[in-house]
Amino acid sequence: MAKRIIISGGGTGGHIFPAIAIANALKKLDAKTEILFVGATGRMEMEKVPAAGYKIIGLDIQGFQRSGLAKNLLLPFKIIGSLLKSFKIIKNFKPDAVVGVGGYASGPLLYAASLKKVPYLIQEQNSYAGVTNKFLGKGAKKICVAFDKMEKFFPVNKIIKTGNPVRESAIDVAGKREEAFNFFELDPNKKTVLVVGGSLGAGTLNTSMLAGLETFKEAEVQLIWQTGKFYYKNIIERYGNQSKAEGIRIYEFLDRMDLAFAAADVIISRAGAGTIAELCLVNKPVVLVPSPNVAEDHQTKNANALVSKEAAILIVDRHAESELVDQTMKLLKDEAKMLSLSQNITKMGLAKADELIAKEVINIAS
């Protein structure tokens, strides 16, 4: 009999894309599997999930706001409302299992599942588990992780190291370098840097690039630059008209990430878990600038997991504007260092995480 599975979470592309990958893997195992997503109203998943062909229900939930504490006054009421709605969703859909991928909606739905005795699996993407997942981990049937030493946070007998699901389309880079340079209309004989700050963007990366554009131009280094949704218009207004002739390609969002990865000699990125999972599978040297604006500073911990194995370079966010471009230029001139970083990060890659997680979901649902 086909299983009925709820996948909860979202908020950013780093949570949504892995969630969709797990859903697709479940459908591959059994096309009759019924899947319902539960996300946060007004967040990116409410658009991306239907576009991927799945139904989604939204909870009116938000995270704790570290700036503007007045915004948190309604938070207790939103949590209670989301919990009550989660009970209703579980009652109506009657899931065989629930999967939590992180994000605002994941907590209330998993807690409701635990109280209703519905088996659930946590997909912990980061190297440092947040408060909600640590609490919910006690009742989870399985906890799928991507980093070592996660027994600090979860019962060791529940942990399975699967890696994080990735967008297969993004990491399919083999043999695409020529196609990539044609696509971006760039010179294959010049060094190329890819800058990605996540789907929403990263202000520090963008200001660092603006500060260092003259350095890149003087060295004839090309740039493929994903600014993110919040910053694109302002950057295009400031720089867009002259960028193409100077080997600078500016995008709000890169739909062909495979070609961006293929063209890059060095990648500059934030250190979200989903992003790192992809970077470990594309065999390129990476400079990480962890976001300081995340719970428990988990991006720095993710980055340090790579740095400890000489698999990435880390630049602290507050130093990025003065150091990032210079460190990137230094790396571009050091072929041995580039090769070493590429080899070490590739050793950390875990492929087919979506399939491994999907099989665990079916196991707990049986």
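Glycine too: its Cβ is placed from the backbone N, Cα and C atoms.
Because TrEMBL annotations are produced automatically, they should be read as predictions rather than curated entries.
As annotated by TrEMBL, domain 'Glycosyltransferase family 28 N-terminal' applies to 5-144.
Taken from TrEMBL, the feature UDP-N-acetyl-alpha-D-glucosamine binding site covers Thr12, Gly13, Gly14, Asn126, Arg167, Ser199, Gln299. The Cβ of Thr12 (UDP-N-acetyl-alpha-D-glucosamine binding site) has 19 other Cβ atoms within 10 Å, all protein chains considered.
Feature annotation from TrEMBL assigns domain 'Glycosyl transferase family 28 C-terminal' to 192-353.
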Whole-number mean of pLDDT values that fall within the domain 'Glycosyl transferase family 28 C-terminal' (192-353):
92
Secondary structure content, the domain 'Glycosyltransferase family 28 N-terminal' (5-144) (per DSSP, counts of residues):
64 helix, 28 strand, 48 coil
Sequence gap of 6 or more, C-beta under 8 Å: which same-chain residues meet both conditions with respect to Gln299 (UDP-N-acetyl-alpha-D-glucosamine binding site)?
Arg270, Ala271, Gly272, Pro290, Ser291, Pro292
Neighbour count (Cβ, 10 Å) for Gly14 (UDP-N-acetyl-alpha-D-glucosamine binding site):
25
Pick out which of the binding-site residues Asn126, Arg167 has the most other Cβ atoms within 10 Å of its own Cβ.
Asn126
